[in-house]
Amino acid sequence: MLSLVQKIIGSRNERFIKKVSRIVQKINSLEPEFEKLSDEQLKAKTFEYRERLANGEILDNLLPEAFATVREAGKRTKNMRHYDVQLIGGIVLHQGKVAEMRTGEGKTLVATLPAYLNALTGDGVHVITVNDYLAKRDAELMSDIYEFLGMSVGVIVADLNPQQRKEAYACDITYGTNNEFGFDYLRDNMAYEKEQQVQRSRNYVIIDEVDSILIDEARTPLIISGASDDSSEMYNLFNRLVPYLEKQEKEEVENEQEQRDFYVDEKSKNAYLTEKGYAKIENMLKKEGILEEDDNLYSPHNITKMHYLNACLRAHSLYQLNIDYIVRDQEIVIIDESTGRAMPGRRWSDGLHQAIEAKEGVKVNAENQTMASITFQNFFKLYNKIAGMTGTADTEAFELHSIYGLEVIIIPTNKPMIRKDHHDEIYGSVSEKFDAIVEDIKERISKGQPVLVGTASIEASEVLSTLLKKKKIRHNVLNAKQHEKEASIIAMAGYPDNVTIATNMAGRGTDIILGGNLEVEIAQLEDPTPEDIAQIKAEWLKRNEAVKKAGGLCIIGSERHDSRRIDNQLRGRAARQGDPGESKFYLSMDDNLLRIFASQSMAERVKKGLKGGESLAFGFMSKVISKAQGKVESYHFDIRKNLLEYDNVVNTQRKVIYEQRQSFLEAEDVSDILADIRIDVAEQLFHDYVPAGSMHELWDLEGLEKALKSDFMIELDLQKLYEEDDSLGEEDLKRLVREAIEIEFVEKTKNLDSGAVRQFEKFSLLQSLDTHWREHLSSIDHLRNSINLRGYAQKDPKNEYKKEAFELFSTMLDNFKYEVISSLAKIRIATEEETQRAQQEWQESMSDIKAEHESVIDNNQRHDEDEQEEAPKVQQVRREGPKVKRNDPCPCGSGKKYKQCHSKVE
């Protein structure tokens, strides 16, 4: 019934395209008129549109004319005319939606349309790319269009100083990476002077490769941190002990003789000790003098030892060199699981990175204390309007809509897509699969067809490279180790009979052009003459035609990725702009996806049915693969959703703190703010010793006097005053305390330079707030680590987390107020020069902070904050009931076994 209705009225996507096509017709009708304008008249349009906006006209009304203006500017400056489908893409982006556009459809050019239109307001537009290279490239490519129309263009990259960043953000349109924009936001909220802040309003953002940034990287918070206590000795100790533990092949074993020390769960990327393993590691720790003879690892005070043990166990059993990470310049560099890129600067959390450093024998760096953090989910929600572009978002449409409120619109291609997608071929073993890939490559290059092979790991790319070398097949390898050569390798990938091996092509950002990249070839010529350029073009045309006749670019996938979207990104490299192309995936039953998520019985049946070198290629297996990928995608979605629920608690608090901090920073005079805080502190202090509405017998006036003297340097004999006049009530005494604190401050500052006092007050407010916020993040992190234990008491951990996080936040705000007033009361107010010097010293002490994009650690661990040096000790309680065994049902009521629930090491 639904399909019948869709045939009659069309899908939602089709109806939307039909609706905006009317706007495209309007833009097209303006083209002849705009072609007649002189350059000066066309440039003057920007001023005209801004005038109309100032007079109350809205952007939607300006859209047809503004888009026609950009199209004409593109023709005159770049000899590039926006196609109708690109205009549709621009409208989609302006409306705050996600435009799914195939590879080669010109997303970079599309972004100029909504960027120009929205920059007319003067509030700035941010264009986000996945790396610095693409940010610089896209800004340089499109700057001619923007600057022709009087728009300024800036680029934010990693090596800019604060002044350069400020200038870039002041531009009408600013390009940069998601990391840089996020870190600048955090750094701005750590600044001590308004002039040190570099960003302005977050008005409108266009995110290129939006699925990669908002989904793949949603589990990886941006963190600014400082070093905490050194724990390298403990990591090195456990790294030495873990290899003595024997791996058990599966969770359950038939008898005790088969039991080993630990087993791994590859789905959740976790490792678990068995009872035998616990006993073994305890004995080793006792021999090392780490545990007392009557102590055990289950004791709450050993939670940090469990932290080191679990991290080292996972490092040895689940994370592999050249697959999950590489060692470069004596540092561990993570490999992005989605793109195969090396990610210098990123670190795993929960001690995993330190454990891998110990495993590989490089320097173990200290774990860090979080000073500021935010997830991309919450950072991009700070913008008034979000839009995105990608080649593959439809499979993630539900998540983009449910979390970000973004609707995905599939944009028609300018020319029909004619790629031929072959059935997957499945082999019994990895070696047979690789042999088949080599034979396929050999056959295809014999007819001049270029081949791009996508692998899931560096190890796989190097194995395949070795096999090709044995067959004397010329090829290029593109993976994390060859990151610097990326652009030149991609430029060559479309040459006839060229073979390129790439680790997960997702996010590469460069089109593969059949016959090679003509623009790159011309750019490489030194002072070319018109004849040189004509000759290069003629040679390129021959190669282009030859590759088309050979079938276009062929994509070969060496295995299926966990996500269908990543597979589609790889496929999307072929058949751009109506070119021919092919794609084919080769799999084996030993591939991670099938080994972990397909049923064991089915895998055994398939292996038995295949003789050496034989393969399967039929629809049933495609369903099995699709189902397995669906499981993984659903699993990851739940993790991201769970992360957001937890992070939203901190995000609400972050907004309060940052808004409060900004008000301090922008205020010329904070004396009124401090006056209000003094009233709050006086009331808080008074009720600590004189409970509201209580009888006189419960008053602790002596304690209140001591607190006033020790914390505020105030001598006030309340007991004597009350004895002399017993008619004094609670409110009278409270007023006396409030007045005493106020008078003390006035007396202290009356003979001082008001400018110095105001500056010192502001510095004290900011410094105290930053210190308390940093300590609060640490407390929240510890709370998050231990909150699942509340399941023992039949309580919902999430609700408990929200409740306790709120209590911690309220306490932190009270402590901040109390400390800042107490400090100002006790400290000698400095001169202006002394304040500036103190401020400089404080900022210098913060100079060793690190900006890190924390990496995804696994699917069962927390992801919103960096690790802390030590979890808080828990009060030991005695068990009232019988001991819960590892295979018994968990007492939390989850229905899971105890070892799979609350016995897990957090």
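Every residue gets a Cβ built from N, Cα and C, even glycine.
When ASP497, ASP511, ASP527 are compared with the ATP site residues GLN86, GLY104, GLU105, GLY106, LYS107, THR108 in Swiss-Prot, the one appearing in that site is ASP511.
Comparing Cβ neighbour counts within 10 Å across the binding-site residues GLN86, THR108, the minimum falls on THR108. With GLN86, GLY104, GLU105, GLY106, LYS107, THR108, ASP511 listed as the residues that bind ATP, the site has a largest C-alpha separation of 17 Å. GLY106 (ATP binding site) has a Cβ environment of 18 other Cβ atoms inside 10 Å. Burial estimate for the binding-site residues (GLU105, ASP511): highest at GLU105, by number of other CB atoms within 10 Å. Other Cβ atoms within 10 Å of the Cβ of GLY104 (ATP binding site), summed over all protein chains shown, number 22. Listed in sequence order, the residues MET101, THR103, LEU109, VAL110 complete the 8 Å Cβ shell around the ATP site centroid, once GLN86, GLY104, GLU105, GLY106, LYS107, THR108, ASP511 themselves are left out.
Its Cβ taken as reference, LYS107 (ATP binding site) is surrounded by 23 other Cβ atoms within 10 Å in the chains shown.
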